[in-house]
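Asks: Just passing along the structure, written as structure tokens.
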Amino acid sequence: MRVTALVPAAGMGKRMGADINKQYLLLEGKPILAHTLAVFELAPFVDDIYVITPEAEIPYCREHVVEQFGFTKVRGVVAGGKERQNSVLNGLRAIDASDEDDVVLIHDGVRPFIPTAVLKRSVEVATAEDGALVAVPAKDTIKTVEAGIVTGTPPRENIWLAQTPQTFRYGIIRAAHELAAAEGFLGTDDASLVERLGRQVHVVMGDYRNIKITTPEDMLLAEAFLKSVNSER
């Protein structure tokens with residue numbers, strides 16, 4: 001069984017207000033994407049990495065991230081699509097998976113603080129079950145709202161905030177994405193596509209520091225998290 005990390009990094013980062021895409025912004029002198037890839041590069045149970053980025057940025061990604069930082073597990077840099085879901089399908093089609101039971105970890109390129117232990121647990125669960133979704137319990141009260149009016153308050157104990165990685169056996173996630181593409185269905189995450197197949201996705205406890213860096217405020221948090229991580233080493 002091979003374990004492959006599929007890392008979508010094709011977002012335009014409009015909310016960041018920067019001149020370059022968010023995945024290439026520097027965090028202590030190193031692109032965010034490089035911090036993320038380093039986690040998979042150092043994880044002994046991960047065999048391969050595929051990065052998905054806008055087609056025009058493939059040469060930049062190869063030179064300034066993959067080659068500059070010496071990521072030996074990166075097998076390919078794949079052109080992304082219009083939506084994240086299209087990008088992931090492109091990545092799945094590019095993976096050299098000879099066995100449908102090979103495991104694929106799908107992880108956002110701008111989530112550099114995922115603990116290795118969470119990755120390992122995700123692989124274990126995905127191997128035994130239909131899939132593994134990393135998530136954390138909601139801390140805040142959640143409201144449903146229509147036209148500016150509160151319409152309900154879901155029980156907080158049932159609300160979990162989805163993160164990545166979302167991890168599946170290759171045959172399951174490939175089938176889910178191909179079906180969604182054929183039917184023109186656009187989901188909010190990879191797990192939702194697997195759920196449409198009638199499969200049961202199991203939750204793996206995540207980490208509240210596993211943030212998706214999309215705004216300037218997130219960058220401030222990320223800098224603080226990185227200093228904390230460095231001080232613990």
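Each residue, glycine too, has its Cβ placed from N, Cα and C.
The site 'Transition state stabilizer' annotation in Swiss-Prot covers R15, K22 and rests on sequence analysis. According to Swiss-Prot, the feature site 'Positions MEP for the nucleophilic attack' maps to R156, K212.
Just tell me what is around each of these and how deep it sits.
Replies: According to DSSP, K22 (site 'Transition state stabilizer') is assigned to a helical segment.
Of all Cβ atoms in the shown protein chains, 13 besides its own fall within 10 Å of the Cβ of R156 (site 'Positions MEP for the nucleophilic attack'). When secondary structure is read from DSSP and collapsed to three states, R156 (site 'Positions MEP for the nucleophilic attack') falls in the helix class.
If you draw a 10 Å sphere around the CB of K212 (site 'Positions MEP for the nucleophilic attack'), it holds 15 other CB atoms from the protein chains shown.
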Asks: Round to the nearest Å and give the CA-to-CA distance linking K212 (site 'Positions MEP for the nucleophilic attack') with R156 (site 'Positions MEP for the nucleophilic attack').
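Replies: A Cα-Cα distance of 22 Å.
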Asks: Round to a whole number and give the Cα-to-Cα distance in Å for the pair R156 (site 'Positions MEP for the nucleophilic attack') and K22 (site 'Transition state stabilizer').
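Replies: Checking the Cα atoms of R156 (site 'Positions MEP for the nucleophilic attack') and K22 (site 'Transition state stabilizer') gives a distance of 32 Å.
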Asks: State the count of C-beta atoms found within 10 angstroms of the C-beta of K22 (site 'Transition state stabilizer'), not counting that atom itself.
Replies: 25
